[in-house]
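Visitor: Supplied in structure tokens, the structure appears directly below.
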Amino acid sequence: MQASQLINSLKFKQVRPALTTDFDVTMLTQDTREVHPGAMFIAVVGYHVDGHDLVGQAIEKGAKIIVASKPLDVDVPVIYVENTERAMAILADVFYGAPSQKMRMIGVTGTNGKTTVTHLIEQIYRDQQQATGLIGTMYRKIKDEKLPTANTTPDSITTQRTLAAMRDAGVETVAMEVSSIALVLGRVWGIDYDIAVFTNLTQDHLDFHKTMAKYTEAKAMLFAQLGNKYNADGTNKVAVLNTDDPVGREFEQYTAAHVLTFGLKPDAMINAQNVEIKSHGTEFDLSVFGHVTHVTMQLIGQFNVYNMLAAFAAAYASGIPEDQIIKSLEKVTGVKGRFQSVPSHTGVSVIVDYSHTPDGLLNALETIQDFATKDIYCVVGCGGDRDKTKRPKMAKIAVEHSTKPIFTSDNPRTEDPTMILNDMVAGVPDTNVPVYEDRHEAIAKAIDAAQPGDVVLIAGKGHEDYQIIGRTKHHFDDSEEAAKALALKPTID
């Protein structure tokens, strides 16, 4: 794409020195490691590195034009803007040909449930014989091809490049997790969402947002971005909101789009009644504007009823018949690391779950309490370099809702694991909770001690196959560790 086209896509900017000869921009990047001749380098101020300090390296490697928000003394043209993150999103959308406008885009935001809901949505549309794409915490997926991802919502260049690849592969519907941090940093600016889903809002990411009010405002951005276009052909934007959560009602005021509500309370347009949680699944009566159908799903727990309702509502909003949506949802067996049962012939039930927030942990433990008949072990830790106020709260939940809590490391990152564990212990004074800094040891101890009929919850990391210690990722998979420990126990026929 010509440099002049990209420059003209930015309404408010200055270009110095002036562009005297147009040329073809071969790529966009904010990473000097990716730069090759003809690149446009965008200087973004990050957590640890300021891209403006790396402009010289980018030019040496062949960057022919720079986007910056700070003065630079260089010989190549510089596009000066107020906010390089925002400019990057606009440029990426233009460079890749506005791919989101060619597909049905479903964005899912909320503290808990995003990954499960996007996977449920993907399954529904696949069963409709549609080519699907998925962007989220676990991976990016183009039809059946899985690509690694570093963040729940990647940077805007990576996202637009991925969407362009999906478009070129013939993808029709994309289910995408949208994090609050991505919304604040502008990673999803330029994406034309058709349906936006809100799952719930509880404490998380306060290390970034600082207050719950700011966290709520961040989530609201997705619904404000839906716009107010009402089409006669029925292709209207829809906000799908969990109105059991007071924030869901609040978000109705943030959007001019059509609103479709869901929840367990009967005032929601789509609601679930008579919920019955069992050890092998969950049953309930699904009411869709008063039309009731009994549903039996293989997923366990009230929180998964909410996830199912969110996915159902998103599909219903795009016109898929009720019975076909239900058929898809009833056959889903689960998502890796989301209340995942580890195969066992020992009589001990082991569940791996990504519950890394107070509310997520409480949901998982309350679900286990619904069917557990004996002891509940809870192996839990808290991430380093993240919201410290969660630590005593999660410790207290583990102690109050399990009979055998065990504290251990999660991803300590650059923090001292001992200090993180001390923060957890401080939340439960006058208790004697076993503490094992080594997560492998904690899992092994819990499963070794568990007796037939007991349930072991390994919480916090879910699908992750690594543990971050310092700035290094080491291979570590909770389900693998659980399987190894179970293999050492006697089997029961």
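Placed from the backbone N, Cα and C atoms, the Cβ positions cover glycine too.
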Visitor: Pick from 202-205, 234-237, 410-413, 414-417: which stretch is listed in TrEMBL under motif 'Meso-diaminopimelate recognition motif'?
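Guide: Based on what TrEMBL states, motif 'Meso-diaminopimelate recognition motif' spans 410-413.
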Visitor: Between C-alpha atoms, which of these binding-site residues comes nearest to LYS219 (N6-carboxylysine): THR111, ASN112, ARG386, ASN411?
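Guide: If we rank THR111, ASN112, ARG386, ASN411 by Cα distance to LYS219 (N6-carboxylysine), first place goes to THR111.
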Visitor: In Å, how long is the longest CA to CA span across ARG386, ASP410, ASN411, PRO412, ARG413, GLY460, GLU464, which the record gives as the meso-2,6-diaminopimelate binders?
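Guide: Between the most distant Cα atoms of the meso-2,6-diaminopimelate site, 17 Å.
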Visitor: LYS114 (ATP binding site) to ARG386 (meso-2,6-diaminopimelate binding site): how many Å between their Cα atoms?
Guide: 19
Visitor: Specify the nearest of the binding-site residues ASP410, GLY460, GLU464 to GLY110 (ATP binding site), where nearness means the distance between Cα atoms.
Guide: GLY460
Visitor: Specify the secondary structure state of ARG413 (meso-2,6-diaminopimelate binding site) as given by DSSP, simplified to three classes.
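Guide: ARG413 (meso-2,6-diaminopimelate binding site) sits in a strand per DSSP.
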Visitor: When a 10 Å sphere is centred on the Cβ of ARG413 (meso-2,6-diaminopimelate binding site), how many other Cβ atoms does it contain?
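Guide: The answer is 17.
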Visitor: Could you name the residues, excluding GLY110, THR111, ASN112, GLY113, LYS114, THR115, THR116, of the same chain that surround the ATP site, i.e. Cβ within 8 Å of the Cβ centre of those residues, in sequence order?
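Guide: What remains near the Cβ centre is VAL108, VAL117, GLU177, THR199, ASN200, ASN307.
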Visitor: What whole-number Å value do you get for the CA-CA distance of THR116 (ATP binding site) and GLU464 (meso-2,6-diaminopimelate binding site)?
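Guide: Here the two Cα atoms lie 15 Å apart.
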